[in-house]
Amino acid sequence: MIPVVALVGRPNVGKSTLFNRLTRTRDALVADFPGLTRDRKYGRAKLEEQEFILIDTGGIDGTEQGVETKMAEQSLAAIEEADVVLFMVDGRAGLTSADEAIAKHLRSREKPTFLVVNKIDGIDADAASAEFWQLGMNKVYQIAASHGRGVTSLLELALAPFMEELVEESLKDENGEITDLTEFEDFEDEEKDLTEEDAEKDFARLQDQPIKLAIIGRPNVGKSTLTNRILGEERVVVYDMPGTTRDSIYIPMEREGQEYVLIDTAGVRRRGRINETVEKFSVIKTLKAVEDANVVLLVIDARENISDQDLSLLGFALNAGRSLVIAVNKWDGLDNDVKEKVKSELDRRLGFVDFARIHFISALHGTGVGHLYESVQEAYVSATKRVGTSVLTRIMKMAQDDHQPPLVRGRRVKLKYAHAGGYNPPLIVIHGNQVKELPSSYKRFLMNYYRKSLEIMGTPIRIQFQNSENPFEDRGGKLTMSQERQRKRLLGAVKNRNKK
């Protein structure tokens, strides 16, 4: 499972700075959807090949009545369910009572915790860090998040148990030592250029696998009811798969010869046990399920307006590149006028995901639930459809003929060829001159052109642009011997003509 890293600390210690640095956007057109509100509390990040989920728990002030009462419920849940906690303090401001309250809470939890002293650039780092020994965390790590110094080294240590290769011995330290991570050189990796071989490996990995379907949604939209309806219809024996309390339950099932794995984020067990009226909602459990799924089924309550939380969950699914089906639940019993208003609101708020099928269902009565499978299969097939280089290049040239790329610094951008770079989501790699300089509007045009031409439905498309190398770039303007001889002949001919 993808690890979860929680940023914990009082306000203004640099959590947002570190969060923004680690969740930076990439060159690939991932979630450039107008109207999508980006959530600032959680996001996806990557260290080398290791992906992880980053949670900003928000500022915690435990100075008045203790950390238990002042911590938000969701922040507590994030700490409980995270795999690693980065406890951030301000090296310039020094130790505060809020830091002590948070440290007391963290010490009571058996959780890998890294005490991170931030903002140590330009000051005596060791002197600034000395007083934080009082927090009893055994180790102190120094970084400067605003400049990125020490950040990569910190993550290598924090994520070492989850990475294939161990951290370099030089980075390891014993208990009771301060580790100034800013002395190690940090650098930001460019996004890896994807090849056709990468796409083939991706395609082979997806073959003969069941479709992993995650049902997500905010509390009380009917996830539990829908999950039970799906399982009840198929008469599958529901049982708890091995796992920890913070992991979702994976339930194998089959319908019309197609194998599925239902990823249960709502805590559903045997039907007889479902007696809670309020679902326990876990952001982390939901994000993990999205990362592991092939298709995401987002459940929305028809009787309530689309909320920011709905859009946040939707945004995370899009950024993860997952296929998407939307189920508007509790549709039965609504007046026609109300239904029209709901549809109008959906068009207005969700117009940027027009590739996703929307179903109006009643999980309680089963109305429309059967049709969800059709869209789930359609979305998965679209996300894993194998397309050759010749087809992708031909579509690219057709798009170029219909709408020429713009000029960049006085030169026309040239698109040369395209090939597949991956599947689920479908990723198309376009090579050419100055292609990374293309404006977002033209990139979006290409994405929509590919979607229409390939008849892709139910999944986002990613496009990566790679500038082709100039074979004459390193010649420094020097002529070859043949060109030099030709030049001399031309110059000689010009001189002779002038003499006459």
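A Cβ is built for glycine as well, from the same backbone N, Cα and C atoms used for every other residue.
The feature GTP 1 binding site is assigned by Swiss-Prot to 9-16, 56-60, 118-121. Annotation comment: Swiss-Prot describes 217-224, 264-268, 329-332 as GTP 2 binding site. Here Swiss-Prot flags 486-500 as compositional bias 'Basic residues'. If you look up Swiss-Prot, you'll see 3-166 marked as domain 'EngA-type G 1'. Residues or ranges marked as domain 'EngA-type G 2' in Swiss-Prot: 211-384. Annotated domain 'KH-like' per Swiss-Prot: 385-469, in sequence order, evidence recorded as sequence analysis. Among the features that Swiss-Prot reports, region 'Disordered' is placed at 468-500.
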According to DSSP, which of helix, strand or coil covers Ile120 (GTP 1 binding site)? coil
Separation of alpha carbons, Thr265 (GTP 2 binding site) and Asn12 (GTP 1 binding site) (Å): 33
By CA distance, which of the binding-site residues (Gly9, Lys15, Thr57, Ile120) lies nearest to Lys223 (GTP 2 binding site)? Thr57
Cβ neighbour count within 10 Å of Thr57 (GTP 1 binding site): 23
One of the binding-site residues Gly9, Lys15, Thr57, Ile120 has its Cα closest to the Cα of Gly217 (GTP 2 binding site), namely Thr57
Measuring Cα to Cα, tell me the gap between Gly9 (GTP 1 binding site) and Trp331 (GTP 2 binding site) in whole angstrom. 43
Just to verify: the residue among Asn12, Thr265 with the fewest other Cβ atoms within 10 Å, which of the binding-site residues is it? Asn12
When distances run from the Cα of Lys15 (GTP 1 binding site) to each of the binding-site residues Asn220, Thr265, Trp331, the nearest one: Thr265
Looking at the binding-site residues Asn220, Thr265, Trp331, whose Cα is closest in space to that of Thr57 (GTP 1 binding site)? Thr265
If you compare CA-to-CA distances from Ile120 (GTP 1 binding site) to each of the binding-site residues Asn220, Thr265, Trp331, which comes out shortest? Thr265
So how many other Cβ atoms are close to Gly217 (GTP 2 binding site), meaning within 10 Å of its Cβ? 25
